[in-house]
Amino acid sequence: QTDLNTWKDMTNRTSVKEFILLGFPGTWQFRVSFVVVFALMYTLTVIGNASIIALVWRSSNLHTPMYFFLCNLSFLEIWYTTGVVPKAIGVMLGTSQTISFSVCILQLFFLLSLGSTECFLLSVMAYDRYLAICCPLRYSSLMSSVLSVRLALSSWLGGFLAISLLAFLTSRLTFCGPDVINHFLCDIDSCLALSCSDTWPVELATFLVSIIVVVASCVVTLVSYMYIISSILRIQSGHGRKKAFSTCSAHLSVVTIWYGSTMFLYVKPSAQNSLDVNKIVNTFNTVVTPLLNPFIYTLRNKEVKLALGRAFQKK
């Protein structure tokens, strides 16, 4: 009799098939101003990152592993922000506030996979800078074109494979209502907050994947920069130290911005952060950071600025 009643309760439950995204609450004028900012930043992000890819492709002096990894990062940033901004604009305008469960899981998988890939790419770029500064005479033999392609491919495969189990576990969660997500995208914390089933396996998987992806790649990056800084400090001339540091300053700036926001969002034992705070940090992570990357690499890299100047002179 108890099993029969439990079965009836489960069959009477209404399973949520779609969610409503709230976006940013406020007046119509406030939301329109957000739409304008998001659209402008998205346009600049796509143009900026696409320009870096085109510039590296056209400039033979930039055909090095460092700029090959930079092209991968720019390509990733274009898709990373594309997975967020168009839907977020529809949510804020009120024209596309609903999202089906399957699309929600797909967006979550897509964004987390690209984020994991970025972590791996940044650690690979740190290792590349380590070889260039600490082993300059053997750099071309150590970081060959074949190895750079393998490292980039491993970053992409590792990023998507790392999130596969997490996305599968999230797709198995039960949602009985409410169906309102206090966000402009589907993220793991929002799904866990709305689920009416046991979320402990997903929370554990999220924590373990975060440790493996974020912390492990961050450790590789930190160790690489410890050796880089140690090597730079041993350089006798001030000009030599400045030149060595300039080759990795742009990457170091990007790493600091990315890991700071990513660790706040994902490296925690459970999904207890305020969803409103997560919304603000996610905005920075998915909209602002992809815009900053091309400008950081352009403004703080002499080789890119010289190639950009030559491109404009030709035109």
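Positions of Cβ are set from backbone N, Cα and C atoms, glycine also.
Residues annotated as transmembrane segment in TrEMBL: 32-57, 69-93, 99-127, 147-169, 204-228, 249-267. The annotation domain 'G-protein coupled receptors family 1 profile' is assigned in TrEMBL to 48-297.
Across the residues of the domain 'G-protein coupled receptors family 1 profile' (48-297), the predicted structure has a mean pLDDT of 84. Residues 21-24, 31-32, 34-35, 38-39, 41-42, 45-46, 49-50, 52-53, 56-57, 99, 107, 110-111, 114-115, 117-118, 121-122, 124-125, 128, 148, 151-152, 155-156, 184-185, 286-287, 289-291, 293-294, 297 of the same chain sit 6 or more residues outside the transmembrane segment (69-93) yet have a Cβ under 8 Å from a Cβ within it.
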